[in-house]
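Here is the structure we will look at, set down as structure tokens.
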């Protein structure tokens, strides 16, 4: 993937295994978020392939990816600011009959049943992420940390098999950090595969069985957290000097 | 007294035809954030379609087909909706400011077509003898006026209720989500292009319907009715009433039309006859002033956007 003459991600290969939590780390500008945008379909690669469960999705539109079971959150949260927190989460629901314009007139009963089910589910997710007390507030009043949680609730509403988490703990206070780690472990225990971008090495070490280090758009190292953390090449990439 | 009543009926009828256009614009702009500056073009499409379908046969132009008024109105909504889909397919991916330029162009093209496609539209003289609802009652001015008002009220109410239902549905929620943040909506699997196109088509169809209602109420249409001024008036109505609020759209239409009519009355009462044609420009000034005051005092309009929540959510949280 290149932007003009700049190669943001180049010759990079990554395999996400079912049920794992894979950490993607690297210094700022390494191309981690670009990698995410490629997998999520927000960007199209200039070369290469993206496979999901064997299917080639390289050219599939971003709005089709969730149907493949791939959900994502954004590094800088993108709440629907003027909508309530509950409605934000409801928007994540998939296959809603009520999203068909005419069905609202022709099948009102079915739309209503699905909406009730969706509201129950959304309230459950808000409980899971301790946002219930804010359900009817507009999303713009949320703090930075609460926005991170809302991102997560919204994507969980779609029941993704894989979640791409882009710095879910950036700028979050220590207590909330612990809470987010616990929730990610919870989700993973229930079978959700997770690809995590994170700078907090402690968090990465606690969550991830396997880590991939990127630097300057390329794969630098792959391995277990403690191996990678000791690797001189990784340290050099982060600090810019041989340690 | 009867004079006053029938004027009241006339005033409200015209105001409500604008309210219907304004409701259409509210779907596009208020709910979905589509910057349509070509409102007049879609209204014209509806007006001319219905006129062609319902007028008696005319040897010098195409049609008319002498069909019932209801068929004309339906055809108007359909054709304006179709025009919206075509325009939308080409332009809806454009960013807001470019969409504005494109839709403005469409409206100008529509107006020029109306002016020059004489075999179809009657050219600069327009189309006359458009059948009026309850035309056989025209002798009794008051009853006729009230019946027409009743019909327009019913039409407005029907459009209003249908839109409220839609905007409080999951469909409406997706539109708002796309307006708020398209990237996030895409990531949640919402096909922004398809939803935008639908909103644009629904809004356009409603504008077309309004154009037809207006044409049949006045009984006569001409290209000069569909100039950018019309678009400007409807935008003023939506801004004053409150963008994103269907009640606001209706209220704004009635208020702005009142300012428009009152200024006209004042000009004809105060300004000497030889200057009246020029003084008519003051009407536009007054509307501009109304917009300025509104934007300063209440930038979100008189009613402002209601935090529309899906009606099912209300029921569900009420249960608990």
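Each Cβ is built from the backbone N, Cα and C atoms, and glycine gets one as well.
Please treat TrEMBL annotations as automatic predictions, because they have not gone through curation.
Range annotated as transmembrane segment by TrEMBL, chosen from B:177-198, B:199-220: B:199-220. Ranked by number of Cβ pairs under 8 Å to the transmembrane segment (B:249-271), the listed stretches B:98-117, B:142-163, B:199-220, B:226-242, B:277-297 are led by B:226-242. Segment contact holds for the transmembrane segment (B:142-163) and the transmembrane segment (B:6-27), given three or more CB pairs below 8 angstroms at sequence separation of 6 or more. Within its own chain, the transmembrane segment (B:277-297) is flanked in space by residues 229, 232-233, 236, 239-240, 256, 259-260, 263-264, 267, 271, which lie at least six positions past its ends and keep a Cβ under 8 Å from the stretch. Long-range contacts of the transmembrane segment (B:98-117) within its own chain (CB-CB distance under 8 A, at least 6 residues past either end) are made by residues 34-42, 44-45, 48, 83, 87, 90-92, 123-124, 126, 223, 226-228, 231.
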